[in-house]
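Record features, source TrEMBL:
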{"type": "TRANSMEM", "residues": "C:38-62", "note": "transmembrane segment"}
{"type": "DOMAIN", "residues": "C:89-295", "note": "domain 'Cytochrome c assembly protein'"}
{"type": "TRANSMEM", "residues": "C:96-113", "note": "transmembrane segment"}
{"type": "TRANSMEM", "residues": "C:125-144", "note": "transmembrane segment"}
{"type": "TRANSMEM", "residues": "C:177-197", "note": "transmembrane segment"}
{"type": "TRANSMEM", "residues": "C:209-229", "note": "transmembrane segment"}
{"type": "TRANSMEM", "residues": "C:249-265", "note": "transmembrane segment"}
{"type": "TRANSMEM", "residues": "C:272-292", "note": "transmembrane segment"}
{"type": "DOMAIN", "residues": "C:315-631", "note": "domain 'Cytochrome c-type biogenesis protein CcmF C-terminal'"}
{"type": "TRANSMEM", "residues": "C:389-410", "note": "transmembrane segment"}
{"type": "TRANSMEM", "residues": "C:422-445", "note": "transmembrane segment"}
{"type": "TRANSMEM", "residues": "C:451-472", "note": "transmembrane segment"}
{"type": "TRANSMEM", "residues": "C:484-503", "note": "transmembrane segment"}
{"type": "TRANSMEM", "residues": "C:609-628", "note": "transmembrane segment"}
Amino acid sequence: MIRMLIPLGVFLALLALLIAGLQTSENRKLVQSPLIGKPMPDFSLPGLYDPESTTSRADLLGEPFILNVWGSWCWACRVEHPFVERLGNEAPIALVGFNWKDEREDALAWIDQFGDAWDRHLVDFEGKVAIDLGVYGAPETFLVDHEGVIRHKHIGPIDANVFQDLMRRAMELKAEAES
Amino acid sequence: MTPTRKKRLAVVALIVLGVGAATAVAITALNDNMLYFVSPTDVHAATAPQDKQIRLGGLVAAGSVQRDPDSLEVRFTVTDGRHDVPVSFEGILPDLFREGQGVIAHGYLDEGGHFHAHEVLARHDETYMPPEVMKSLEAAGHPPEASKQ
Amino acid sequence: MSAELGQISLILALVLAALLSVLPMIGAQRNNEALMKLAPSLAIGQFVFLAGAFAALAWAFLQHDFTVTYVAMHSNLLLPWYYRLTAVWGSHEGSLLLWMLLLGGWMLAVAAFSRSVPRIFTARVLSVMGMVSVGFLLFILFTSNPFERILPGPIDGRDLNPLLQDVGMIFHPPLLYMGYVGFAVAFAFAIAGLIGGRVERDWVRWSRPWTLAAWAFLTFGIALGSWWAYYELGWGGWWFWDPVENASFIPWLIGTALIHSQAVTEKRGAFPAWTVLLSIAAFSMSLLGTFLVRSGVLTSVHAFANDPERGLFILAFMAVVTGGALTLYALRAPRIMTGEGFDWISRESALLLNNVFFTVSAAMVLLGTLYPLIIDFMGWGQISVGPPYFGAMFILLMTPVVLLLPLGPFTRWKRDGFMRILQPLAVTAAISIVAALLVCAWLGTWSLRAVSGWIGGFWLIGGALAYAVRTARASRSGLARHQWGMTLAHAGVGVFLIGAAMVEAHTFERDIRIAPGETVEAAGYRFTLHEVAQVKGPNWRADEARFSIHKGEREIARMNPQKRLYHRGGQTMTQVALKPGVFRDLYIAMGEELGASGAWSVRLHIKPFVRWIWGGAVLIGLGGLIAASDRRYRQQRRQRADASLASGAEAPA
């Protein structure tokens, strides 16, 4: 009888390993950006509607803000867009759109179709600043405090839970900036 | 013990022996062929093994790609936002290789912290595939019911 | 509308599958004819609805219905219709639907071709397969529904991954899944046998043709995948030991062991418990492969979109299916009959040896595939296992298999003498060594790999032919189909071996820099680049290099590799130019333009005998199909069925 249970035992061990592996691979995704807690790197980027205007790091300092990385080529950005819109309307702090590796016409057409959710636009067509920021893909959402320090980063599209979490963090940053 | 039983025992013993030997060989072979995955920060912190095959992962730094005009040699920098590692490679880069793109390079580190790659792989997709599509749609007011006219 | 129809079809299929998994099983336990009779009808109904769901998704693709999320993500207006059709199974959700459709197809076949099997048995088999269906349909509906809508839909979709816009991709997944899913039939037969409490030769005989067919499809699927990777990925390799490839190879190895152990159990009644275990293992490994590919546990070059939730679902499903099956095994196995004894030197021993080598090989591949997981879990860092591990293990494990294989068919059941087996093959051995050396001399190669590959290959082919000749002479009616099948498959292994050995030993591979007007000499061939032109396709444009290739004074080929840029996804892709040949392939892949000089980096390969790899695999698969079609199974089945019907239905367990 014991002999007959050996295959089951082997299988259960394998199953345990796979469940553990699933956990580990989940944790791997949660590896925080090395830039969290570090000041946001210096940059100067053009705007979306007006290519002549530029925004630099100094322009954004003083108030906390949300930085949302997107692109018209990015399918998941469409999925998270309803939440980005809600962030734009409901969050107590500014929502900055970071248009990444895009073409200007495509980005503008995209905004025409889905709506402009952001308070302010930065454009990084070559993706040079994005590298300093540690952007791995789109969409990604950063929270930056009033001193320009990156406090939080979310990788992937925003869903209902992430939205709640971002709202809570945004309020904390706001309170911190005012105190 | 009957002869049949004896024989069966011998067969089982042989199989156990063979499987044991195979496992031992396999573990040795595995340990010889393990490729560690390291980040530029690991390289900087000198925790990455030297003179051993490793896989270096990170982003190709913008403006760092330099090609030798007369050969197939390419130099670029792999970064994780905190630290940079110079990489040299000779050969054909993958289709998806671009500045700012995530790459994995196979090769070894020399004493000077320079990475010599013999193979470069690019990540396939830079959008996050949205498994959350469904959930997001529901919460965004587009539940599946509403979409069934 | 079609998406909603598809959704409804899927739900109806689920309902029928749920009924199928319960009613006939109860009928079989209570000996209720009416409930048992439901099984084939339910299986047919389920197939019809699955086909409906599949057609609905295909229709959404053909109609450019971008409000269906899956269509929007994997198709666009520029995609030609045939790729829109194959895009149906181009990604996770649709491929699962295809998987289900094929499972439905197998069930339909079981229902149609098992009239001669006792009804109680068919009812149980279909019922077990119904349970598997329920699991997969729930999986599709809850985690991977291809019919989700997104409103408002985009004007145009994303593109289908250009790598998948290819003929090889049209047939690779269906064949592979035919194999995976086909093992569900063998699994269901084993479980039905265990439930019935009668694990005897009968069910093994009934399940043999199914197992052979499934295994043959899996062989074709893997071979096609390898061929696709060879010309489509632009690296020129034919096997990478990538986790995704391993995921299909492990079930194949187990399946190979299974078809051989089934032979022993059917003919001699030996190792029945082992055959049951292998039947369970083959399907479980197919599930495990699905898990590995789709859960994101292992990172692979061509993994599907990853989702741990899906991973968890498949694990839970596996826990139920495999865990349940093995529990049943533990309960029932003591009742399994024991076969007759056999001598050290006998066909039984030979096949036992085959089984040991193939299961150990499967375990080694599994170990190498899961090792990164173990290391990561232990917190020892992130690693991957290099191909040399797999290569070394395989040479180690398969060398004895190659040496012993031709002896197997010559060995008698129960008891044999070593000299009696060796004698007729001594000539074959001598001939194959001499012939191999002659060929190597003619090719001018003396590398160890090439020489041993040729000797091994000729030994396998010669051994198979010697067996065929002797059997044909000994019997009036010539070779039976199953003997033909075996001969073909074993010879196929030889062909494969020669191909693999020659490619590994003598591939010429070089990355070069070449400008228009220049000529590069490589391994006796002269490659001249004439120009790099711009060309256009339906949904891409490309730089096309125009090469002519000379050997001596003669032009032997013009080859035009391309570097394509796909409009929609903005992805670049290398389109390899191939000049296939029986004895060598010429292979050119474009790298990139080097500066403004007009020069390009180009990868040249000359691959000797590479076609033999897939040729061998095709022979192996054909052998499996021919063996599966043997009349013997159907005839004996009928006799047995009559006999067991005559003896009355089985008492409820």
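The backbone N, Cα and C atoms fix where each Cβ goes, glycine too.
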Short question: which residues 6 or more past the ends of the transmembrane segment (C:422-445) have a Cβ under 8 Å from it?
-> 406-407, 410, 451, 454-455, 457-459, 461-463, 466, 470, 505-506
For the transmembrane segment (C:609-628), distant same-chain residues with Cβ under 8 A (at least six beyond the ends) | 208-210, 212-213, 215-217, 219-220, 222-223, 226-227, 230, 238, 259, 481-482, 484-500, 502-503, 580-585
Sequence-distant residues near the transmembrane segment (C:249-265) by C-beta distance (under 8 Å, 6 or more away from its ends) are 179-180, 183, 186, 201, 204, 207-208, 211-212, 214-215, 218-219, 222, 271-272, 274-275, 278-279, 281-283, 285-286, 288-289, 339, 347-348, 351-352, 354-355, 358-359, 361-362, 365-366, 369, 624
Do any residues of this chain, six or more beyond the ends of the transmembrane segment (C:38-62), have a C-beta under 8 angstroms from a C-beta of it, and if so which?
-> 2-3, 5-7, 9-10, 12-13, 16-17, 19-20, 23-24, 27, 68, 70-71, 75, 81, 84-85, 87-88, 94, 97-98, 100-101, 104-105, 107-108, 110-112, 122-123, 126-127, 129-130, 133, 146-147
Beyond a gap of at least 6 residues from its ends, the CB atoms lying under 8 Å from the transmembrane segment (C:389-410) belong to 241, 246, 347, 350-351, 353-354, 357-358, 360-361, 364-365, 368, 421-422, 424-425, 428, 456, 459-460, 462-464, 466-467, 470, 486, 490, 493, 497
Over the domain 'Cytochrome c assembly protein' (C:89-295), what does the predicted model average in pLDDT?
-> 88
Under 8 Å Cβ-Cβ from the transmembrane segment (C:125-144), and at least six residues away from its ends along the same chain, one finds 10-11, 13-14, 17-25, 28, 39-40, 42-43, 46, 92-93, 96-97, 99-100, 103-104, 106-107, 110-111, 114, 184-185, 187-189, 191-192, 195, 307, 309-310, 313-314, 317, 320-321
